[in-house]
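K.L.:
Okay, here's the structure, questions in a sec.
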Amino acid sequence: MKNEMTLPLESQVLSDRETSLLLKTWGRNHILANVLGLAILHPFLAHYFTGQHDKALTVPQLVMHNVSVLTFIVMLVVLQNRALQSRFSVGTFRGLGYFLLFVPAAFWLGYYTLYIPFDIIFMYTTIGAVNAVLVGQLLPKPRQWAWKCILFFLLAGIAGAACGIAAYFAGLKDAGGMVKDYGMWSLISITAALTYTSLTKRTLRQQLCETRG
């Protein structure tokens, strides 16, 4: 009888620790991916080597922008899966192919149809859509997670874009060159990351608690 009562309690404690670790690393790793991939590397890879651009990109500019976006995606997927591994048995590159296919396509669709800032909004929304499916497969209520995930990433894209635009017209447009690029992308990516991580962590916590029942 003693063992029957003790084992579930030990399992509960372990589950709580795994959940806490997942939520902590989920937020930290997503913010890290955005900072490294977009705030630091994107201005350098996309603009330093090939210069500033208007809507029409040259071939070298297009290539370097794709290199930058793909680099960010790989970082995001690896760091996200490392967070999920604290609770689930998933591979480090799980879902990478879907991200590599859909996220750049959405980025350029937004850029060449509605132009800036819809490239950013489309990119984050698509990340949310892919995660709606991939992460939802691990949770007890995937449909509930799915629509919230897409909404949260959409809101993150809007918040990041709005922050970047506001900073641009508040004075960053006069900074010029790499200062403007680093300032813009730092504000965009960090704002977006903080927005969707804070929102998704709440939903993840609710869903992970369901798995203990």
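Heads up, the Cβ atoms here are built off N, Cα and C, so glycines get one too.
Grabbed the feature section from TrEMBL, which reads as follows:
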| type | residues | note |
| --- | --- | --- |
| TRANSMEM | 31-50 | transmembrane segment |
| TRANSMEM | 62-84 | transmembrane segment |
| TRANSMEM | 96-114 | transmembrane segment |
| TRANSMEM | 120-139 | transmembrane segment |
| TRANSMEM | 151-170 | transmembrane segment |
| TRANSMEM | 182-199 | transmembrane segment |
K.L.:
Please work out whether the transmembrane segment (31-50) lies in contact with the transmembrane segment (120-139), by counting C-beta pairs under 8 angstroms that are 6 or more apart in sequence and asking whether there are at least 3.
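P.N.:
Between the transmembrane segment (31-50) and the transmembrane segment (120-139), contact is absent.
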K.L.:
Given a Cβ distance threshold of under 8 angstroms, which distant residues of the chain, six or more beyond its ends, lie next to the transmembrane segment (62-84)?
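P.N.:
Distant contacts of the transmembrane segment (62-84): 22, 25-26, 28-30, 32-34, 36-38, 41-42, 45-46, 49-50, 90-96, 99-100, 103-104, 107, 123, 127, 131, 135, 138.
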K.L.:
Against which stretches of its own chain does the transmembrane segment (182-199) lie, if we need a Cβ under 8 Å and a gap of at least six residues from its ends?
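P.N.:
26-27, 30-31, 33-35, 37-40, 42-43, 120, 124, 128, 148, 152-153, 155-157, 159-161, 163-164, 167-168, 172, 175.
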